[in-house]
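This report concerns only the one structure given below.
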Amino acid sequence: MELFKTLSVLSLLVIALFSVTLVHAAKFDIINNCPDTLWAAAVPGGGKQLNKGETWTITAPPGTKEARIWARTKCQFDASGRGSCETGDCNGLLECKGFGSPPNTLAEYALKQFNDMDFIDMSNIDGFNVPMEFSSVSPGCNRVIKCAADIIGQCPNELKVQGGCQGPCWVFKTEEHCCNSGNCGPTAFSKFFKDRCPDVYSYPKDDATSVFTCPTGTDYKVVFCP
């Protein structure tokens, strides 16, 4: 009888802790407004095929960081979830375990960080493959980050690749563009992205105009082709 009582108490504690985690987890609605099918990807989260108009909802607990959401294009997967994509491919898996291959437009976030704030951004450092909007949908924050310019159509010849516009670091692999030392400035190529999407990261030290905050507990929406 005592063992039963102990197990019951433990079960209730587990349920309570699980419920608290769910209550405070941030929700991300990922929506495909593009005319074509896309394969959404998220780390953490995995991946899912999204036909036009479909939504995929994921959650992430407080403390999650170095997280990202992106779209993959022109994918083919077999019944086991293995295949490849023209852009954004994550090691040939439908259910992504790691980051995608450039070029890919990125939504990035870190939850419940300094001063109980979420830090959110979008990035073209890995290039651009799909127009995107990343926004908060809770009353306590009204942040909207958007990159919907004709990046692919206007892409400099040096950065053009099939299905997208490549980030300059991946093309030139130089310190000037990759900023591995943390000491770099904008270049003509990073300015190409920044001029068209001013709220979006264009090179690694672009923090001042590209990182935004919302109170922890905010829910979010990512829209492909806003």
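Backbone N, Cα and C atoms are what each Cβ position is placed from, and that goes for glycine too.
The annotation signal peptide is assigned in TrEMBL to 1-25.
Of all Cβ atoms in the protein chains displayed, 19 besides its own lie within 10 Å of the Cβ of Cys34 (disulfide bond). Taken from TrEMBL, the feature disulfide bond covers Cys34-Cys225 (among others).
For Cys75-Cys85 (among others), the entry in TrEMBL reads disulfide bond. Note on Cys75 (disulfide bond): other Cβ atoms within 10 Å of its Cβ, all shown chains, come to 20.
Taking Cβ-Cβ distances under 8 Å and a sequence gap of 6 or more within the same chain, the neighbours of Cys96 (disulfide bond) are Ala41, Ala42, Val43, Gly45, Gly46, Gly47, Cys90. TrEMBL lists Cys90-Cys96 (among others) with the feature disulfide bond.
The Cβ of Cys147 (disulfide bond) lies under 8 Å from the Cβ of Thr105, Met122, Asn124, Phe128, Pro131, Met132, Glu133, Arg196, Cys197, Asp199, Val200, each on the same chain and at least six residues away in sequence. Per TrEMBL, disulfide bond is recorded for Cys147-Cys197 (among others).
Counting only same-chain residues six or more apart in sequence, the Cβ atoms lying under 8 angstroms from the Cβ of Cys155 (disulfide bond) belong to Phe128, Gly164, Cys165, Phe192. Positions annotated as disulfide bond by TrEMBL: Cys155-Cys165 (among others).
Marked as disulfide bond by TrEMBL: Cys169-Cys178 (among others).
In the shown protein chains, 17 other C-beta atoms lie within 10 A of the C-beta of Cys184 (disulfide bond). What TrEMBL lists as disulfide bond is Cys179-Cys184 (among others).
Listed in sequence order, the residues of the same chain lying 6 or more apart from Cys225 (disulfide bond) and placing their CB within less than 8 Å of its CB are Asn32, Asn33, Cys34, Pro35, Val130, Pro131, Met132, Ala148. Measuring Cα to Cα from Cys178 (disulfide bond), the disulfide-bonded residues that fall within 10 Å are Cys184, out of Cys75, Cys85, Cys184. Using a 10 Å Cα-Cα cut-off around Cys169 (disulfide bond), the disulfide-bonded residues Cys75, Cys85, Cys179, Cys184 reduce to Cys179.
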